[in-house]
Amino acid sequence: MEAAGDEERPLLHHPPPHLHQDGDSRYTNDGTVDVNGQPAVKASTGNLRACFFILVGVQFSECLAFFAISKNLVTYLTSVLHESNIDAARNVSTWFGTTFFTPLIGAFLADTYWGRYKTLVVFLSVYIVGMLVLTVSTTLPWMIQSSNHSEIHRITVYVGLYLTALGNGGIKPCTSTFGADQFDITDPTERVKKGSFFNWFYFLNTIGSLLSTTVIVWVQDNVGWGIGFAIPMILTSLSFTVFIASRRIYRYKSTGESPMTTASRVVVAAARNRRLELPEDCTTLHHSPSPPSEATFNVQHTTQFR
């Protein structure tokens, strides 16, 4: 019976809503601030209104651009750069691997130094530059008449590709988390709205992939590669402008210590305490967060995995 009780008990206990530390319920209670570094006002910052600009300004446009590149990349390398199928497949795999490795760098910078908003701005800028280089590369064979234009063309293409891979490193780990920051986790109403945000997040991700696979790929194959790369590049640039212009309605969280340091401490503490006996009163295992303004989450004790 005890094991069954452990399985049914929620692992995370959400704290009840409470007033701001100054006694004003107009402000968020999860430690978020506005663009000026002041406590975020619930009525004018965050929520689904702010998430609209995050989803349109970052997620949808980046997803459209990413799949516009990746879905037809093997065809581009074989038909335009005249690579063999084996070389093209290897180079695409290397590019994909780089694309999914760089988020480790972006997440580290966001959590430790820059914060999620600044990380998105910096890496989105790199992403747009990469798209611009990739678009310009399609005109090089007509602009360069020298005998080595093929090598210059090839170098330019890969510079553009790996700039987008680098830019992707700050977008992938920060978009969803920055959107989640727009909801006060101490407010039950906003916690429900957070679920709607993630529904829209994955919906737009799917729509972006669908449009790229159908419309953009058709444009690349039938109209031209320059237009096929220019369309997502222009959309991403315009969406980036919208994202920046809406910075006053976002909620921001301060950066903390390096997540690598935190993870290392957990490993060291677990190794040192592996022989300790659990106290009879399991509430003593809980501790308050630092700073105290942040919301408290008590992880409920369980013997399920004892």
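A Cβ is built for glycine as well, from the same backbone N, Cα and C atoms used for every other residue.
Summarising the annotation, TrEMBL assigns compositional bias 'Basic and acidic residues' to 1-11.
Per TrEMBL, region 'Disordered' is recorded for 1-31 (among others).
Annotation comment: TrEMBL describes 51-306 as domain 'Major facilitator superfamily (MFS) profile'.
Sequence-distant neighbours of the transmembrane segment (52-74) (same chain, 6+ residues past either end, Cβ-Cβ under 8 Å): 85, 88-89, 92, 95-96, 99, 120, 124, 127, 131, 134, 161, 164, 168, 171, 175-176, 178-179, 182, 197, 200-201, 204-205, 207-209, 211-213, 216-217, 220-221, 228-229, 231-233, 235-236, 238-240, 242-244, 246, 249-250. Annotated transmembrane segment per TrEMBL: 52-74 (among others), in sequence order.
TrEMBL lists 95-114 (among others) with the feature transmembrane segment.
Annotated transmembrane segment per TrEMBL: 120-144 (among others), in sequence order.
The transmembrane segment annotation in TrEMBL covers 200-219 (among others).
Summarising the annotation, TrEMBL assigns transmembrane segment to 225-245 (among others). Listed by sequence, the residues of this chain that lie at least six past the ends of the transmembrane segment (225-245) yet keep a Cβ under 8 A from its Cβ atoms are 53-54, 56-58, 60-62, 64-65, 68-69, 72, 76, 80, 120-121, 124-125, 127-128, 131-132, 134-135, 138-139, 212, 216-217, 219.
Here TrEMBL flags 282-306 (among others) as region 'Disordered'.
Annotated compositional bias 'Polar residues' per TrEMBL: 293-306, in sequence order.
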Stretch-averaged pLDDT - the domain 'Major facilitator superfamily (MFS) profile' (51-306): 86
